[in-house]
Amino acid sequence: MLKVGVVGCGAIASLITKALMSDRLNKAEVLAFYDGNLEKAEKLAMETGADFCRSLDELVSKDLDLIVECASVTAVEDTVIKSLNNGKDVIIMSVGAFADKDLFLKLYKLAEKLERKIYIPSGAVAGIDAVKSGSLGKISDVTLTTTKPVHGLKNALEEQGLNTDEIKEPKTVFEGTVFEAISKFPQNINVSVVLSLASRYPAKVKIIADPCAVVNRHEIFVKGSIGTIKTCVENNPCRDNPKTSALAAYSVIRLIKDLSEPIRIGT
């Protein structure tokens with residue numbers, strides 16, 4: 001059985017944990033939690049019967065195979081370094097942290113040196129397998145257009161001085177590079193970094209706030225020597241965290257299951 005620890009105990013962590021608990025094959029189990037908000041970690045531990053850790057050091061010192069980061073971009077560096085140094089592989093949900101090229105290279109080299117793995121799930125978009133394969137050729141264009149309900153972008157927009165109550169129709173609130181996008185929308189546009197890493201090409205990003213939208217819509221366009229890849233996914237937002245698509249959480253669950261099963265489908 002794959003023994004899992006979780007960093008960050010919000011809605012996504014709860015969804016992942018409960019899905020693994022309900023898996024009849026029982027090939028992976030969450031055994032311990034840590035969150036900077038200790039009350040959240042203790043609450044989720046009590047709900048699931050897992051251990052509650054008072055520090056990240058305590059979590060990574062436990063007998064675990066895998067650490068799943070569900071916290072924030074600011075938690076990624078510390079989580080990965082301590083997990084790898086304690087012999088654990090890591091799944092990163094807050095992949096926006098890897099828009100920092102220096103951090104990505106630093107953690108890549110550490111994982112390589114220690115012969116451990118850092119896993120980045122496909123998240124809330126479709127076609128990542130095809131994009132990865134296509135990146136072996138020449139990529140000439142990568143574009144992501146994301147449309148979300150206004151309330152899902154509310155915090156990021158208001159931090160930029162926009163009054164979301166004044167958005168009465170679909171409004172383009174951002175156009176620019178993946179690096180600019182993740183700095184302005186760190187909890188909303190992780191998929192742009194996944195796409196850029198998979199394609200090995202910096203994505204152009206457009207974000208639309210739509211007051212009538214009820215789903216998170218991600219449209220991908222990739223052009224290269226292999227031809228053209230176009231995908232469109234309309235995701236239901238996570239019920240308890242509308243900034244994130246439910247599919248993003250399910251992609252982590254699927255990855256954990258793949259790591260514990262003898263046959264893996266897809267690139």
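Going from the start of the chain as shown, residues are counted 1 onward.
Any Cβ shown, glycine's included, is placed from N, Cα and C.
The annotation NAD(+) binding site is assigned in Swiss-Prot to A124, N190. Spatially close to N190 (NAD(+) binding site) yet at least six residues away along the chain are M93, S94, V95, G96, G123, I182, A248, judged by Cβ distances under 8 angstroms.
Per Swiss-Prot, active site is recorded for H218. The secondary structure of H218 (active site), as reduced to three states from DSSP, is extended strand.
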